[in-house]
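What TrEMBL records for this protein:
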DOMAIN    5-286  domain 'Dihydroorotate dehydrogenase catalytic'
BINDING   22, 46, 47, 100, 127, 165, 191, 217, 243, 244, 265, 266  FMN binding site
BINDING   46, 70, 71, 72, 73, 74, 127, 192, 193  substrate binding site
ACT_SITE  130  active site, nucleophile
Ligand SMILES: Cc1cc2nc3c(=O)[nH]c(=O)nc-3n(C[C@H](O)[C@H](O)[C@H](O)COP(=O)(O)O)c2cc1C
């Protein structure tokens, strides 16, 4: 018998735990032309802001020896642009739709949530952790008490299931996760990118206009895994693990550490269909081990 990879995330049924991470798959359209995106559990949209943003100037992506650094700066069509132009197709693709929302002020978040309340999708992923936006972005996800305020106010008006995306740059990731749960989040996802830096030695200056940028990919996996493990141990709400997942073994590690679902980001830049390969790898491994249901291995470590 084929193993079951179905998983319930805060009342949303995912056909399997594999989800495309925000900012690494657009709104799914281009990926759908390359592989059967409908076989995945979910897709997270690019981080939206209330108004459209052109993103940051200068270099936006920089390769490192074990991952990439990015300073895209939330380039996006804005919430109204998303609803009009991207949402209808994203909804039709098949996987659960997760809408990622960023902001520069609490009012931005609240107005974005109000507009999004008018459309149907599965989960709102509240991005309080973007390191690449000046004045705001990550600030909301570093200090627990600031995060508490955003989550409380968003929760009070948000009609969707709410998953808060945590920053690994937080002063205390476990305290931050607990506070999201206390304020009514239905789940958390972690981690976003790590604040990092690269210097162009020829020019003798930082590569990025904003000096610092977000590091993702294989380099961050062991740290992300540790954080997911720490957080999943203490929360009762579900955890989505993100950070450097490139192989089915990586995905299995996050699930064993307690994640109910996992997001694949940077790995798709090397092979856009990698999430399907991870899915197939997980399936055949489960079959060979006699694991009938993915939930059997969740949190066993
Ligand atoms: C180019 C790029 C753009 C990203 N944009 C967003 C975004 O808009 N919102 C967000 O919450 N995370 C964003 N992220 C973070 C990813 O969703 C993910 O949390 C992070 O890259 C770690 O996972 P990975 O190592 O599998 O890439 C972005 C990452 C990259 C590489």
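Using N, Cα and C of the backbone, Cβ positions are placed for all residues, glycine too.
What TrEMBL annotates, mapped onto the structure for a quick look.
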residue : record                 : Cβ neighbours (10 Å)
22      : FMN binding site       : 26
46      : substrate binding site : 21
47      : FMN binding site       : 27
71      : substrate binding site : 25
73      : substrate binding site : 23
127     : FMN binding site       : 29
191     : FMN binding site       : 27
193     : substrate binding site : 29
243     : FMN binding site       : 32
265     : FMN binding site       : 28
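According to DSSP, residue 73 (substrate binding site) is assigned to coil rather than to any helix or strand.
Closeness to ligand 1 is met by 22, 127, 243, these being the binding-site residues among 22, 71, 73, 127, 243 whose Cβ falls under 6 Å from the molecule. Per-residue pLDDT, averaged along the domain 'Dihydroorotate dehydrogenase catalytic' (5-286), amounts to 95 for this model.
Geometry remark: residue 47 (FMN binding site) versus residue 73 (substrate binding site), CA distance 10 Å. Each residue contributes its Cα atom, and for residue 243 (FMN binding site) and residue 193 (substrate binding site) those atoms are 8 Å apart.
Note: the CA-CA distance between residue 22 (FMN binding site) and residue 46 (substrate binding site) rounds to 5 Å.
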